[in-house]
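**Student:** Here it is, the structure in full.
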Amino acid sequence: MGCLLSPEDVNTAKLEIRLAGGPNSCSGRVEVLHEDVWGTVCDDQWDLREARVVCRQLGCGTALSAPRESKYGEGDGKIWLSDVNCKGTEANLTECEAKPWGENICNHVEDASVECSGTEIPEPGPVRLVGGPNRCAGRVEVLHKELWGTVCHDDWDINDAQVVCKQLGCGDAVLAPIGGKFGQGLDTIWLDDVNCTGVEAALSECPARPWGDHNCYHKEDASAICSDSGITISTSVRLVGGPSRCSGRVEVLHKDVWGTVCDDQWDLREAKVVCRQLGCGPALSAPRESKYGEGKGQIWLSDVNCTGTEASLTECETKAWGDNICNHVEDASVECSEVDVPEVGPVRLVDGPNKCAGRVEVLHENRWGSICDDHWDMKDAEVVCKQVGCGSPLSAPGSAHYRRGSDIIWLDDVECKGTEESIFDCQARPWGEHNCYHGEDASVTCTGNPSPWHLKWCGDRARLF
């Protein structure tokens, strides 16, 4: 896989592209010109990101959909491109990764299409944030048919919040709270299953269910916190010096420097938040006085005051970063159970043929991310299939078998025994630490039905019981 043109050629050669067989010049089967011959594009890995690039290149506004399976008729002759993989921000399809020209195992029944709006990006639909401390943080509400309504938090993540923040002129998204963080709305729930990539100009451009079609309650209202709200979010927390990743001295990352937390006012409420943030299950204790050794360098936080329900330690009240009269003998620690509660660390399978097969993604710090396939095997798949209620594993493919993810890679070197209740019970590198790229995203294929049978692992072999 590589770019269609080398970097030095991109500026001098622009791929000619057209849409054929559709109702107008901005909808139809995608065809590209190569060596003076028009040919089609195979729909392997084809989705809205690639469609955005095509629509942008043709001056056809925003992408509405990315139909597959020759919706606008089968082409003839060459199939020039396959496995096209765009970020969605490129100006030209030649900037995207793809297999070499003409290399594919496709036929024309798999010809890719796009449907564009036909005009440049329309005026964004109104959106607002309510219930927060200012206009740049709060519950997300959208205006439709002259009625304000909320957005359900199903699939809500930092990419969706990024679009809202950008649309409001509030900077970048720093958190995408779920569960009615800023109070429950009272009127219609307008949107559900919103799935933005983060590059859209308005929330109305993102894939979602039809207006008003949802399976939610207002306790599931989605929110956004933007950088211009003045609320700062630390991206990382870790436990060090302990016997496992779920027990140890609390350290937080600020300005790219790890530092400790002073134990003034430190108790089980703060420990609950740390354990939740790390996906480590319920808090067992909140040791003080550097139980797991004294840290070095910065003491970043002091007088942390949580309610115990926050998703991140940075949502709690505290003194300003670095403002304290502590020393490292007062470093705070936590001890969490190693058994994760399901609502803390959700797992999902995406881009597969059904809910029981796909790329494995995990939710951490209110953000979905993928898992690297280093050490990924059937034992890991056994745990995931069980956790999502999909029976036993059939396979544990790596190498982005079900497409590449587009957000953060959360886990690497996952090593399960196969008996764990949750993927978060398995050994792995710390959250976000990896040496991978999305071409190594891990996947699973499960039987699809919870089964009375289970796999018992004997060394490196599995037996069915």
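Placed from the backbone N, Cα and C atoms, the Cβ positions cover glycine too.
Unlike curated entries, TrEMBL annotations are predicted automatically.
TrEMBL lists C42-C106, C55-C116, C86-C96, C152-C216, C165-C226, C196-C206, C262-C326, C275-C336, C306-C316, C372-C436, C385-C446, C416-C426 with the feature disulfide bond. Marked as domain 'SRCR' by TrEMBL: 17-117, 127-227, 237-337, 347-447.
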**Student:** I need the least crowded one of these disulfide-bonded residues (C86, C385), counting other C-beta atoms within 10 angstroms of each C-beta.
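**Tutor:** Across C86, C385, these disulfide-bonded residues, the one with fewest Cβ atoms within 10 Å is C86.
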**Student:** Taking DSSP as the reference, which of helix, strand or coil describes C216 (disulfide bond)?
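**Tutor:** It is coil.
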**Student:** Based on Cβ pairs under 8 Å, which of the stretches 17-117, 237-337, 347-447 lies most in contact with the domain 'SRCR' (127-227)?
**Tutor:** 347-447
**Student:** What is the one among the disulfide-bonded residues C42, C426 whose Cβ has the most other Cβ atoms less than or equal to 10 Å away?
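**Tutor:** For the disulfide-bonded residues C42, C426, the Cβ with the most other Cβ atoms within 10 Å is C42.
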**Student:** Secondary structure at C96 (disulfide bond) (DSSP, helix/strand/coil)?
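**Tutor:** In three-state terms, C96 (disulfide bond) counts as coil.
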**Student:** Taking the disulfide-bonded residues one at a time (C116, C206, C436), which has its Cβ surrounded by the most other Cβ atoms within 10 Å?
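**Tutor:** Of C116, C206, C436, the one with the most crowded Cβ is C116.
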**Student:** By DSSP, how many residues in the domain 'SRCR' (127-227) are helix, how many strand, and how many coil?
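**Tutor:** DSSP composition of the domain 'SRCR' (127-227): 18 helix, 33 strand, 50 coil.
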**Student:** Nearest to C152 (disulfide bond) in three-dimensional space, by Cα, is which of the disulfide-bonded residues C86, C165, C206, C336?
**Tutor:** C206
**Student:** List every residue in the same chain as C316 (disulfide bond), at least 6 positions away in sequence, whose Cβ is under 8 Å from its Cβ.
**Tutor:** E270, V273, V304, N305, C306, T307, E310
**Student:** To the nearest whole angstrom, state the Cα distance for the pair C262 (disulfide bond) and C275 (disulfide bond).
**Tutor:** 17
**Student:** Measure the Cβ-based neighbour count of C152 (disulfide bond), defined as the other Cβ atoms within 10 Å of its Cβ.
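**Tutor:** Counting Cβ neighbours of C152 (disulfide bond) within 10 Å gives 24.
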